[in-house]
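Feature list (source: TrEMBL):
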{"type": "DOMAIN", "residues": "43-294", "note": "domain 'G-protein coupled receptors family 1 profile'"}
{"type": "TRANSMEM", "residues": "25-51", "note": "transmembrane segment"}
{"type": "TRANSMEM", "residues": "63-88", "note": "transmembrane segment"}
{"type": "TRANSMEM", "residues": "100-122", "note": "transmembrane segment"}
{"type": "TRANSMEM", "residues": "142-165", "note": "transmembrane segment"}
{"type": "TRANSMEM", "residues": "199-223", "note": "transmembrane segment"}
{"type": "TRANSMEM", "residues": "244-267", "note": "transmembrane segment"}
{"type": "TRANSMEM", "residues": "273-293", "note": "transmembrane segment"}
Amino acid sequence: MSEVTNTTHDPFYFILTGIPGFEDIHLWISIPLFCLYTISIMGNTTILTVIRTEPSLHQPMYLFLSMLALTDLGLTLTTLPTVMQLLWFNIREISFEACFAQFFFLHGFSFMESSVLLAMSFDRYVAICRPLHYASILTSEVIARIGLAIICRCVLAVLPSLFLLKRLPFCHSHLLSHSYCLHQDMIHLVCADIRVNSWYGFALVLLIIVLDPLLIVLSYALILKSVLNTATWTERLRALNNCLSHMLAVLVLYVPMVGVSMTHRFAKHASPLVHVLMANIYLLAPPVMNPIIYSVKTKQIRQGITRLLLQRKVH
């Protein structure tokens, strides 16, 4: 215990926290968590392999899906090392540089997830409301530009908050409340004026966390209006079924996100366990659930996975 106390004052390290109150059974807790990480890595890798190897899936919808799978894979691999080394080996120290690197990739991939889902909602809008112009609007060049714009948007969103935080002194305890480095966790350890950071964080929330869901809702309002004007119930159901996987992916991202925000705002004095569980659900739910949703609900992906498994069996 004295060793941890000493290292918390070492200016070159942060101290990570596992599951509060359950330190004695960290090894057992690691089993379901490792299973979830494995499902995420295997699921998203499979989706990417199927889309890459199936020429029929080289279409806008599936190219956006591959972006989502890459983002989920990045999010998983960002938190995996610190979470598992803490649960398996009780390694709690993380250097400042490593912590800021994890902070950058963690928030970058989180924002990227939201941006990709927004791009996918645009894809669904064009496919349903402008079907005759779909191929001419969403060309390979346009999709590549959208992908590049998403990367630039997320990098430019996260970098200022990283530099604004890095310039400040950490003279309080260096003990973090999670097993990875989050901005909202690290900012509490600063002993300086953080008004600029707070205002930038607020602008970021409006720009991404609020604007993206509003634009997704708008796209679905336009889709619903178009669907209700179609002739038959069969066509309406087919159109809505094409959007179902995306709608579920949106819920899987934003419901835990809202839950985490509400917990931080209205349940500040709740047990630390509540905050840790909500943060883990928020970070693990999309990467684990998205491959399952698209594998179950998308016939072409399901058939591609079956063919891939049969090829492996033959070889």
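All positions are counted from 1 along the displayed chain.
Backbone N, Cα and C atoms are what each Cβ position is placed from, and that goes for glycine too.
The transmembrane segment (25-51) makes contact with the transmembrane segment (273-293), as judged by at least three Cβ pairs under 8 Å among residues 6 or more apart in sequence. Within the chain carrying the transmembrane segment (142-165), a Cβ under 8 angstroms from the stretch's Cβ atoms is held by residues 60, 63-64, 67, 100, 103-104, 107-109, 111-112, 115-116, 119, 183, 186-187, 190, 196-197, 200-201, 204, 207-208, all 6 or more beyond its ends. A Cβ distance under 8 Å defines the sequence-distant neighbours of the transmembrane segment (199-223), meaning residues of its chain 6+ beyond its ends; these are 111, 114-115, 117-118, 121-122, 124-125, 128-129, 157, 160-161, 164, 183, 239, 243, 247, 250, 254, 257, 261.
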